[in-house]
Structures are given as structure tokens and as C-alpha cells.
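J.: Take a look at this one; I'll ask things after.
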Amino acid sequence: MSSSSAAHAAARPVLRTFTALLKLCAACADLATGRAVHAQLTARGLTSESLAATALANMYFKCRRPADARRVFDRMPARDRVAWNALVAGYARNGLPALAMEAVVRTQGEEGWERPDSVTLVSVLPACADARALRSCREVHAFALRAGLDELVNVSTAVLDTYCKCGAVEAARAVFDWMPVRNSVSWNAMIDGYAENGNATEALALFWRMVQEGVDVMDAAVLAALQACGELGCLDEARRVHELLVRVGLKSNVSVMNALITTYSKCKRADLAAQVFNELGIKKTRISWNAMILGFTQNGCSEDAERLFARMQMENVKPDSFTLVSVIPAVADISDPLQARWIHGYSIRHQLDQDIYVLTALIDMYSKCGRVTVARRLFDSARDRHVITWNAMIHGYGSHGFGQVAVELFEEMKGTGSLPNEITFLSVLAACSHAGLVDEGRKYFDSMKDYGLEPGMEHYGTLVDLLGRAGKVDEAWSFIQNMPIEPGISVYGAMLGACKLHKNVELAEESAQRIFELGPEEGVYHVLLANIYANASMWKDVARVRTAMEKKGLQKTPGWSIIQLKNEVHTFYSGSTNHQHTKEIYARLAKLIEEIKAVGYVPDTDSIHDVEDDVKAQLLNTHSEKLAIAYGLIRTAPGTTIQIKKNLRVCNDCHNATKLISLVTVREIIMRDIQRFHHFKDVTLTNHECFYGGAGSMTRNCEWKIKQLYDTFHEPFKRASACPNLVVPDTPDPERKQKVNLHLQMAVCKKSQTRQRRKVLT
């Protein structure tokens with residue numbers, strides 16, 4: 001044995017020891033120790049050994065030092081396939097697909113270097129997927145074809161998976177169909193690719209084909225199939241997948257059961273989701289709790305979501321930011337300011353309030369609880385403002401009728417360099433619609449293309465709503481006729497609402513016909529059309545629409561209003577008498593009606609038909625909004641703000657009555673309906689409320705209406721002015737104080753006159 005061979009043999013144990021140390025350093029990403037080992041190898045002259053050099057390069061790659069790894073690689077006197085694979089895989093893991101591909105090319109372009117094998121190609125493809133580098137993926141695919149490696153299952157599977165992650169689903173399917181042999185991983189990759197790219201129908205079809213061909217069903221395929229069922233909202237398919245996963249023994253897989261909870265929730269079956277959740281027992285993870293809370297929230301089961309959130313903490317499961325993002329919308333839906341403050345405080349105590357998604361949810365929550373000023377303070381306190389944060393605040397202002405403020409905030413957003421998205425423009429357009437900012441709405445709609453955005457169906461529908469509210473019905477119809485995409489139900493629905501507002505029967509019939517062609521089961525639009533006919537005294541047509549509804553089994557959605565007092569939610573339906581305080585409520589309501597009639601209230605009976613006028617007034621007087629307000633007046637202290645929520649749009653009569661109730665009771669009333677918030681304070685509406693009814697409605701010009709009321713009831717006001725002055729509590733608003741004083745004087749005069757009449761009678 002030569003001296004060099006003897007030295008080499010003696011170095012073997014040392015080399016293996018250092019190589020093992022480098023593997024440990026790589027696993028722990030311990031760069032300092034790795035460098036120390038590198039120094040020892042250099043001192044002993046072992047860095048030229050292929051085994052040591054490859055281990056060194058791998059260590060540097062794992063420690064996120066690709067440049068150092070490349071220097072080690074370049075100094076290697078000879079490089080084998082293992083070394084090349086380490087280089088390619090290292091670049092791939094560090095998100096450098098171009099350099100990884102360059103290394104692949106070098107292996108085939110220079111003499112003496114071995115050609116890459118399947119391990120090399122499979123190593124580089126994940127980097128292409130992570131970087132969405134479609135071009136690099138195609139280069140790898142082409143190389144695999146030239147080298148004859150495409151027939152290997154692992155290579156073809158990696159290629160199709162990368163195509164899917166780069167959004168090239170058709171290319172992935174071509175690879176899948178070309179494969180002579182497929183394993184369960186290949187099927188899973190293709191099914192998941194369809195699901196992740198929004199092709200839910202194709203994902204389910206391929207999943208059931210896989211089952212039919214007897215391929216082993218793995219959890220990855222089931223997860224993709226459940227995702228597809230959720231996207232389609234297909235309950236029957238979800239149940240089929242549920243039955244299958246039980247048969248193949250995946251019921252004990254917590255990840256699969258969590259996905260099933262999400263799927264049932266998306267299929268609007270929170271009850272089935274809760275059943276799966278409860279079956280998990282002690283296997284529940286935080287993800288399970290989050291999925292169920294979100295499921296309740298998405299299905300309108302807000303109280304259940306809050307209860308589950310409380311139960312989660314009692315069972316010592318620590319909520320995270322996703323938990324809060326799931327439960328905060330439930331608090332917003334209930335619109336309880338006390339609950340809102342509590343959940344906000346919880347987020348602060350657990351240091352989750354500065355998470356951008358939690359902060360955005362809190363801003364949205366306060367807006368939906370009627371506290372838009374608090375929402376703005378939160379918005380201003382944000383260290384970083386994401387586009388979703390801007391969207392939430394703009395939407396909050398718009399939903400409260402502060403259209404001009406929403407527009408100003410949008411301009412501020414653009415000034416900061418933040419790029420608006422489709423939701424931003426939808427919120428701005430809705431704000432313009434509620435506030436009657438027609439010119440601004442047109443301008444912002446046209447400016448979407450400046451940001452590379454294409455208007456969607458909701459954008460078109462909102463602009464039609466804006467034009468319709470402004471009385472530009474013909475322009476709105478012309479706009480629909482010239483849309484570059486086929487108008488949907490939301491567009492024609494907005495048009496139908498405008499036709500009702502402005503009594504345009506001809507265009508209403510045309511719009512309704514298009515709606516019924518697109519969605520024959522849309523009961524709300526049948527009711528709207530019937531009301532349009534009734535307003536025009538076209539009773540035969542009213543009967544025809546109602547008959548059509550009966551044949552289709554369609555019913556009018558019953559309206560309800562809720563008010564929450566002391567953590568109790570009280571629900572009222574029109575004319576309901578099942579509340580424990582019904583007698584007091586109706587007595588207070590009767591008194592209210594008399595009081596607001598004294599200051600000019602005239603029932604708006606246009607929305608009620610087929611009954612006598614006195615019956616119409618009685619029906620209007622027992623609308624759910626009025627019952628909820630009356631109960632709020634009974635159960636709260638004077639001066640307390642009353643806040644109610646309605647599931648439908650508030651009618652014109654209740655809107656006008658609430659204005660005057662606010663005056664005679666000296667209360668601020670906040671009413672949230674399905675579209676927006678309405679703020680009432682004294683007889684005048686706040687500035688942002690002046691576009692509720694659209695052009696021509698009695699609420700369009702509030703100041704004119706106040707003058708009209710004053711002129712009509714001049715004598716009662718004149719008598720009131722002769723009554724003794726009353727002391728009014730201090731208020732920062734002199735105009736409000738004057739109105740309250742006048743109202744109290746009128747009340748005293750009325751009471752004095754009643755006493756005089758009683759004396760005469762006795």
C-alpha cells in the first residue's frame with residue numbers, strides 16, 4: 001500500500017465523523033458550527049473529498065447561504081451525480097429556480113459531466129412551482145422528454161404538479177393523460193390541481209373516476225374532493241365523499257374531518273358540520289374549533305359561533321388570530337356594541353389586535369355595530385394598512401351613508417400608493433350610490449381600467465343602482481344594453497328596484513322577464529314586480545304574478561326586526577303578539593303614532609294593497625321596525641340611542657315615521673337594514689341620509705320637507721310658542737336644543753288643553 005493510500009484510509013474515519021457533524025449542522029441550520037467544521041476540514045486537507053464537499057455545500061444551502069455553497073461546489077476537483085443533485089436541490093430549496101435550471105443545463109453541456117437523472121429533475125421542479133416559473137417548468141419538461149425520463153412516474157407526476165401550481169392545468173392534464181402508468185400520487189396531484197385552480201367540477205369527475213378504477217384512495221385526494229364539493233356547494237356530492245371516507249378508514253383522520261366540517265358549512269348545513277365536529281371528541285384540534293366557528297358564522301348562526309368561542313376557552317384551547325377573524329363577523333352580525341368592545345379587549349389582551357386580518361375584522365365589526373367613528377380610530381391606529389383595511393373602512397363609511405367621506409378616503413388611499421382592487425371599487429361605487437354621487441360613481445367605474453381591473457357583475461349592478469336611484473332610469477337601461485358581458489340577476493334586479501322607485505312599468509316588465517329567465521326561483525323579484533303592478537293599479541297582472549308564485553311554491557320572505565337589550569335579543573315580526581310585553585308595546589306604539597301625527601306624519605300606504613285605507617294604516621303601524629322601536633323606548637332610559645336591525649330593506653313609511661319618532665322622543669335611532677345603516681336624529685336627517693329614497697322621494701330634500709311640515713302645522717307651532725319656556729338639558733348643538741324646547745312646549749300645551757277639556761266636562 002502506498003503512503004498516499006494509507007493516509008487516505010486513515011482519514012476515512014475522520015471524514016465520516018466530520019460528514020456526520022455537517023449533517024447535524026444542516027438539520028439545525030447551525031451556521032457557526034458548520035463553519036468551524038469547514039475550517040477543520042480545510043486544515044486537514046479534506047475539502048477536496050467529494051463526500052465532504054457535498055456535505056459542506058448541503059450545509060450551506062440549508063443555512064440559506066447559496067453563494068457559499070456554490071464556492072464549495074466550484075472548488076471540487078471532481079463532481080459526481082450526487083454532488084450535482086445536491087446543487088440543484090439546494091438552489092430549488094432556496095427559491096432559485098433559474099440557477100437550479102442553469103445547473104441542470106451545465107450537466108449536459110460540458111464534456112465529462114454526468115447527465116442528470118430523475119432525482120435531479122424532481123429536485124428542481126418544486127422551485128419552479130414555488131416561484132410560479134412556468135417557463136422553467138417547460139424547460140425541465142422538455143429536457144425530460146429528450147432524455148426519455150418522462151416515462152418515469154415520479155418525473156411525470158412532479159411535472160404535472162408543477163404545471164398545476166403554475167396555473168397551467170391543461171398542460172398538466174396533457175401530461176397526466178400521456179402517462180403510461182399512474183400511481184395514487186399522480187391521481188392526487190391532478191385532482192388537487194383542478195381543485196386549487198377553481199375547476200371543481202373536473203376535480204370531482206376525476207376523483208370518482210379514480211375510485212371507479214380501483215386506485216387506493218388517499219387523504220390528499222379526499223381533501224381535494226371535499227374542497228371541490230365546498231366550492232360547488234353540492235351537498236349530495238359531499239355526502240357521497242363522506243360515505244366513502246368512512247368506508248376506506250379515513251374517519252379517524254382529523255385533517256379530513258376538519259375539511260368535512262368546512263365543506264358541510266359551505267353547503268349551508270351547519271347542523272351536519274356540528275355533528276362531525278362533535279364526533280371528533282377529544283381529537284379536536286384548534287383547526288377543528290376554528291372551522292366550526294367559521295361555519296356557524298358563515299351560515300348566520302352568530303349566537304352559536306359566540307357560544308362555541310366561549311366553550312373553546314373553557315376547554316383550554318387557545319384561540320389564535322384565525323379564531324378571532326372567524327368569530328368577529330358573528331359579533332358584527334349581532335350588532336351588539338358591548339360584545340364588540342369585549343372581543344376587541346380580548347384581542348388586545350392576547351396581543352392579536354395588530355394582526356392585519358384581526359384589525360380589519362374589528363374595523364368592519366365596529367362599522368356594522370353602528371360605531372363608525374370607533375372604526376375610524378382603529379383604522380388610524382394601524383401601523384400598516386393593507387388593501388383589505390382600506391376596503392373595510394371605505395365600506396364602513398359607505399354603508400352608513402357617508403359617501404363623500406368614503407370618496408375622500410379612497411383618494412387618500414390612492415395618494416399613499418396603495419393599489420385598489422375589485423372590492424375597493426365595489427365599496428366606493430356602493431358609497432356613491434347611497435349618497436347620490438352620480439358623477440363620482442361614473443368616474444370611478446371608468447377608472448377601473450387604469451388599474452388593470454375589469455368590472456365584474458357586481459360593479460355593473462351597483463352602477464345601475466346608482467343611476468336608478470338618481471332617476472336616470474333610461475340611462476341605466478341603455479347602460480345595461482351596452483354591457484360587454486351578459487347581464488346577470490343582480491344587474492336586472494337593480495334595474496327592477498329603480499323601476500319601482502320611479503314607477504316605470506314597461507322597463508320593470510322587461511327587467512323581470514330577464515330575471516325569471518336567469519333564475520325562475522327568485523321569489524323576492526316576483527314580489528317586487530307585483531308591487532310595481534299594484535302601484536299602477538294593474539290588478540290582473542298582480543294576480544297573475546301571485547298565481548305564478550303559488551305554482552312555483554315561492555313565498556314572500558317574512559320581515560323581522562331585532563333589538564338587543566342587556567344581552568337579550570328580541571325579535572319582532574309584523575303584527576306579532578307573542579312577546580311577553582306585547583300589551584305595553586302596542587300601547588306605547590299607539591301613543592307614538594298619535595305624537596308623530598301631531599307633527600306631520602301621514603302613513604305611506606303605497607306598499608299595501610287589496611285592503612281599505614284604514615286597514616292599510618293599521619298594518620303599517622304594526623310593522624316590525626315600529627314594534628322594535630316601541631319596545632326599545634319602553635326598556636331604555638331617556639336619551640339612550642336605540643339601535644335595531646332588519647332582515648329586509650326598511651319601507652318608506654317606517655323610514656319617514658322613524659324620523660319623526662326621533663324628534664318627538666328626543667332619541668337617536670340607528671336602523672340597519674339589508675343594504676345599509678340609517679341614522680335618525682331629530683326631525684332632520686343627518687347629512688348622509690338625504691339620498692335614501694332616490695330622486696323624487698319625500699326624503700330626497702330634507703330641508704324642504706321640514707319647511708313643508710312647519711307651514712302645514714303653523715298654528716300648532718304658534719300656540720306652542722306661547723307656552724312657558726321649559727328648561728332643556730345642555731347640548732352642544734344649539735339647533736337641536738331649540739327643536740327639543742319647541743317639542744316640549746307643544747307637549748305641555750297639548751296636556752294643558754286636555755286638562756281644560758276635562759274641567760269643562762266635569
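Positions of Cβ are set from backbone N, Cα and C atoms, glycine also.
For 600-683, the entry in TrEMBL reads domain 'DYW'. The repeat 'PPR' annotation in TrEMBL covers 183-217, 285-319, 386-420, 421-455. Taken from TrEMBL, the feature signal peptide covers 1-29.
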J.: Going along the chain, which residues at least six beyond the ends of the repeat 'PPR' (183-217) come within the CB cut-off of under 8 Å?
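T.: Residues packing against the repeat 'PPR' (183-217) from afar: 153, 156-157, 160-161, 163-165, 167, 169, 172-173, 176, 223-225, 227-229, 231-232, 234, 237, 241, 244-245, 248, 250.
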J.: Any residues 6+ beyond the ends of the repeat 'PPR' (285-319) with a Cβ under 8 Å from its own?
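T.: Contacts with the repeat 'PPR' (285-319): 254-255, 257-258, 261-262, 264-266, 268, 270, 273-274, 277, 326-327, 329-331, 333-334, 339, 350, 569.
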J.: Six or more residues beyond either end and a Cβ under 8 Å away: which residues meet both conditions relative to the repeat 'PPR' (421-455)?
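T.: Result: 387-388, 390-391, 394-395, 397-399, 401-404, 406-407, 410, 413, 462-463, 465-467, 469-470, 472, 675-676, 688, 690-691.
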J.: Using a Cβ cut-off of under 8 Å, list the residues of the same chain at least 6 residues beyond the repeat 'PPR' (386-420) that approach it.
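T.: Contacts with the repeat 'PPR' (386-420): 356-357, 359-361, 363-364, 366-368, 370, 372, 375-376, 379, 427-428, 430-432, 434-437, 440, 444, 451, 453, 676-679, 686, 688-689, 691-692.
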J.: Over the repeat 'PPR' (285-319), what is the model's mean pLDDT?
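T.: Averaged over the repeat 'PPR' (285-319), per-residue pLDDT gives 95.
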